[in-house]
Amino acid sequence: MTAQLIDGIALSKQLRSEVAQRAAALTARGRQPGLAVVLVGDNPASQVYVRNKVKACEESGIRSVMEKYDATLSEADLLARITALNTDPTIHGILVQLPLPAHIDAQKVIEAISPDKDVDGFHVASAGALMTGLPGFWPCTPHGCIKMLEHIDYDLKGKHAVVIGRSNIVGKPMALMLLGKNATVTVCHSATKDLKAQTLQADVIVAAVGKAKMLTADMVKPGAVVIDVGMNRDEQGKLCGDVDFERVKDVASWITPVPGGVGPMTITMLLVNTLEAAQRAVG
Ligand code: GUN
């Protein structure tokens, strides 16, 4: 079997054009959606991520305001900026790029963001809303994975989903979203005893570990759907996911590529959340 590709670039294009149309409608009413992107320090990867987010906003008609600070910025000064952005009526979403320098308590900064503007979905109120099924912003990467499953019309009800990874940003919210779709969910992690025994049971596997090609073909049940959240470099320095794509594609029914899979969907869901935040502010 050769799996069908779930193309994150094509799906992103479609979703971003819908965002652009809705953003234009809000702009016409004098309420252009606005996103503040806060970057502290000069982490090279963060600079690339932030640039891509700002560019995606521009292309979708969302105003983005980039605030770049030196790595020596104090926690108090950063908190003061967040407070100001919380009350700025032209800003509907606030994103503080992580990681922050070691002297700043990242959780404290995230909790300072108004939940109404928490387009990353990292605030404890957003996590609680996801857990209880109340309205709130969902973290962009797992939300993008759900959109990909919806796009292929995959009915999760009663299916066994195995999530590998338990981070607050991907693994845990992913498990809750799958549960919300009536899947039976197993979360595996570094202390899981027999990972292969778990993944072989799965109808859907979400790999979010950060380890190149760790999900091998012998770990996948024929016909399973495989979502790859990983973004790693292989031995040749080539970009690759957590899934051994070349071999797993012969076993799975659907698979996401890296690059061109979950990655673009993460930014797309940030745009969707920002648009949604602006829409809610307008009423
Ligand atoms: N650093 C790595 N991924 C992310 C993300 O999705 N949001 C933020 N704010 N920082 C990150």
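Cβ coordinates are placed from backbone N, Cα and C, and glycine is handled just like the others.
Just so you know, TrEMBL annotations never went through curation; they're auto-generated.
Sequence annotations record features per position, and here TrEMBL assigns domain 'Tetrahydrofolate dehydrogenase/cyclohydrolase catalytic' to 6-120. Feature annotation from TrEMBL assigns domain 'Tetrahydrofolate dehydrogenase/cyclohydrolase NAD(P)-binding' to 139-281. Marked as NADP(+) binding site by TrEMBL: GLY165, ARG166, SER167.
Taking the features listed in TrEMBL, we show where each one sits on the structure.
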| residue | record | CB count, 10 Å |
| --- | --- | --- |
| GLY165 | NADP(+) binding site | 23 |
| ARG166 | NADP(+) binding site | 18 |
| SER167 | NADP(+) binding site | 17 |
Specify all same-chain residues, apart from the site residues GLY165, ARG166, SER167, whose Cβ lies within 8 angstroms of the center of the Cβ atoms of the NADP(+) site, ordered by sequence.
VAL163, ILE164, ASN168, ILE169, VAL170, GLY171, LYS172, VAL187, HIS189, ALA208, VAL209
